[in-house]
Amino acid sequence: NEQANLRLSEANSGTYKTFIGRVREELGSETYRLYGIPVLKHSLSNSNRFYLLTLTSNQDESITLAIDVEDMVAVAYQPAGSHESYFFLNAPQIAFHTLFTDTHQNVLNFDNTFKSLENAAGTTRQTIVLGVDPLDFAISNLFNADPKLLPLSFLVIIQMVLEASKFRFIEQSVAYSFKNEKTFLPDLAIVSLEDNWSEISLQIQASTSLQGLFGSVVELYNSNNELIEVDSIYYPIILANVALQLYHCQVSTGDNECLVETRTTRISGRDALCVDVAGALTSDGSRLILYPCGQQVNQKWTFHSDGTVRSLGKCLATNNSKFGNLVVIYDCSKLAAEDISWDVSVGGTIMNPNYEDLALTSNKATRSTNLTMEVNTYSASQGWRVGNYVQPIIGSIVGLDDMCLEATDGNTNMWLEECVPNQREQSWALYSDGTIRVDDNRELCVTASSSTYDNWKVITILNCDGSNNQRWVFLADGSISTPGNQRLAMDVARSDVDLKKIILHRPHGDLNQQWVLFY
């Protein structure tokens, strides 16, 4: 494997992101993906078990860090030109036979877990400053093998390199620090991701057994230290954030750890309203409506492994000859399996697989609107989030050159401007229906308009109307895409921010189609 190198004397936000991309590529190649997110290899041969990367300080002091490819932890390191190497207390035995074998191998008196490193450093991650200068000092401290400073220095390096490789949110936090030459303290948003990577990976893998639902809730935080309880893959802070997963299990092998048989949650959609059994009526044929989200029992939906979705003891059902295009609840035993079977797509479309071209729809964005089955046009009126956290996710959307999407021209247009913390025009609300709304005025939606640039639709801001040119999906490849089969991606026109044009374009994965939700 070719090593990834980061030389701080030449580093900027761009070279840092290239370095992180290189690490991800090496660890995530030749493996399978779930929802587009690579799962780390496991059961590797000894010769393929470790990956080396080189970090060089501004003073030209280099260290080689050895990473366990199976679980992405630091195992050992060697200062350049030294006959000494240093292994974590919990390094696997095979590491000593494989790594730095021509050196004197020292064993450190702490292991590579955050808990052990924090204890040895006598502090916590949230008090340790991250940024270019702290990384420079950390590399230098490891190069000089100063025992008192090693735990602290590892906490800096592990977060800025390994944790950033796992999560786009952490990578972007570090990229900002390179761009602005400012340091930052890891907040709960960062620490909650770091502490939950293994659990998030397990739940993503388990979710394939039950419509994208997790077997248990993962507690994450946003940058305002507000709790976001995530219980499915249908959140951009999961799907478009996790860059690598730790291998736990494969559902196809019948592994219990990875099996979710039932899960009860809410379904939110248009204008962040919830799917509700009207009046909590339990009689067969009771209709489904949109209603303000609450904790009432008639908004609780239990997903079963047989494809049924149930509330109040009855099955979510559709049958043209019985109910017209209405969606109702009905006694599960009295209907054919094809009337009560449902699929949820990654993009948030809910369909009955036996009615291939129809999708669950809310034709109006008002409370008590009847839910119906309509021809699937991938419109925002057909976008849903299966999950208990129903509020919009608020954040900035970071694109080319670490610049932020900004609502401009009196909230009628949008393009990239330099990111400014807490600037209202750069704050967006991501709704359950797939709309991206101006946080300041949530009647306004990011829209692929009819005006064109170079034959491609220009993306502007218009009143929300539930149409298919206002629905977006944040994907694992870093794109913000339309949800239909003819997928198009949000694109900075010609990679030129000065054109002030954001357009729809065929997906190609270049930097001008890469976006990070900074929430």
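A Cβ is built for glycine as well, from the same backbone N, Cα and C atoms used for every other residue.
Neighbour list (ASN298 (carbohydrate binding site), Cβ cut-off 8 Å, at least 6 residues apart, same chain): ASP276, VAL277, GLY279, ALA280, SER311, LEU312. Per Swiss-Prot, carbohydrate binding site is recorded for 276-279, 296-298, ASP454, 491-494, 505-508, ASN512.
The number of other CB atoms found within 10 A of the CB of CYS293 (disulfide bond), across every protein chain shown, is 19. Annotation comment: Swiss-Prot describes CYS274-CYS293 (among others) as disulfide bond, evidence class a large-scale study or a structure entry.
Annotation comment: Swiss-Prot describes CYS315-CYS332 (among others) as disulfide bond. Residue environment of CYS332 (disulfide bond) contains 18 other Cβ atoms, counted within 10 Å of its Cβ in all protein chains. DSSP assigns CYS332 (disulfide bond) to a helical segment in the three-state reduction.
Secondary structure from DSSP puts CYS419 (disulfide bond) in coil. Here CYS419 (disulfide bond) comes close to TYR176, SER396, VAL398, ASP402, MET403, CYS404, GLN426: these same-chain residues lie at least six apart in sequence, with C-beta atoms under 8 angstroms from its C-beta. Under the heading disulfide bond, Swiss-Prot lists CYS404-CYS419 (among others).
Taking the Cβ of CYS464 (disulfide bond) as reference, residues of its chain lying under 8 Å away and at least six apart in sequence are, in sequence order, ASP271, ALA365, ALA380, THR435, ARG437, ARG442, GLU443, LEU444, CYS445, GLN470. The feature disulfide bond is assigned by Swiss-Prot to CYS445-CYS464 (among others).
Per Swiss-Prot, the feature domain 'Ricin B-type lectin 1' maps to 261-387; the stated evidence is sequence analysis.
The domain 'Ricin B-type lectin 2' feature in Swiss-Prot is assigned to 390-518; the stated evidence is sequence analysis.
The feature N-linked glycosylation site is assigned by Swiss-Prot to ASN370, with experimental evidence given as support. Within the same chain, residues at least 6 positions away in sequence whose Cβ sits under 8 Å from that of ASN370 (N-linked glycosylation site) are ARG287, LEU288, ILE289, LEU326.
For 271-311, the entry in Swiss-Prot reads repeat '1-alpha'. Tertiary proximity for the repeat '1-alpha' (271-311) is limited to same-chain residues at least six positions away from its ends with a CB under 8 Å from its CB atoms, namely 209-211, 213, 260-265, 322-323, 326-332, 334, 337, 340-343, 353, 362, 364-371, 384, 386, 390-392, 431-433, 464.
Per Swiss-Prot, the feature repeat '1-beta' maps to 312-352; the stated evidence is similarity to another entry. Looking just at the repeat '1-beta' (312-352), the mean pLDDT is 95.
DSSP places the residues of the repeat '1-gamma' (356-388) in helix, strand and coil in these numbers: 3 helix, 13 strand, 17 coil. Here Swiss-Prot flags 356-388 as repeat '1-gamma', drawing on similarity to another entry.
Per Swiss-Prot, the feature repeat '2-alpha' maps to 401-438; the stated evidence is similarity to another entry. Sequence-distant contacts of the repeat '2-alpha' (401-438), counting only residues of its own chain at least 6 positions beyond either end whose CB sits under 8 Å from a CB of the stretch, comprise 13, 172, 175-176, 179, 236, 268-272, 347-348, 380-381, 383-385, 390, 392-395, 444-446, 459-462, 464, 466, 470-474, 480, 483, 492, 497, 500-502, 515, 517.
If you look up Swiss-Prot, you'll see 442-482 marked as repeat '2-beta', on the strength of similarity to another entry. Through the fold, the repeat '2-beta' (442-482) approaches residues 33, 35-37, 168, 236, 239-240, 242-243, 270-271, 346-348, 362-363, 365, 377-383, 392, 397, 407, 411-414, 428-430, 433-436, 488-491, 493-494, 501-505, 507, 509, 513-517 of its own chain, all at least 6 residues removed from its boundaries and within a Cβ separation under 8 Å.
Distant neighbours of the repeat '2-gamma' (486-513): 399-401, 403, 405, 408, 413-416, 448, 453-454, 456-459, 472, 477-480; these residues of the same chain sit at least 6 beyond its ends, with a Cβ under 8 Å from one of its Cβ atoms. Per Swiss-Prot, the feature repeat '2-gamma' maps to 486-513; the stated evidence is similarity to another entry.
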Task: Distant-in-sequence Cβ neighbours of HIS508 (carbohydrate binding site), under 8 Å, six or more positions away - done: ALA489
Task: Rounded Cα separation (Å) that holds between CYS315 (disulfide bond) and CYS274 (disulfide bond) - done: 17
Task: Top Cα neighbour of CYS332 (disulfide bond) in the set of recorded positions CYS274, CYS293, VAL492, HIS505 - done: CYS274
Open item on the list: Under DSSP, is ASN298 (carbohydrate binding site) part of a helix or a strand, or is it coil?
Closed with: helix
TODO: Please report how many Å separate the Cα atom of CYS274 (disulfide bond) from that of VAL492 (carbohydrate binding site), as a whole number.
DONE: 34
Task: Rounded distance in angstrom between the Cα atoms of CYS293 (disulfide bond) and HIS505 (carbohydrate binding site) - done: 36
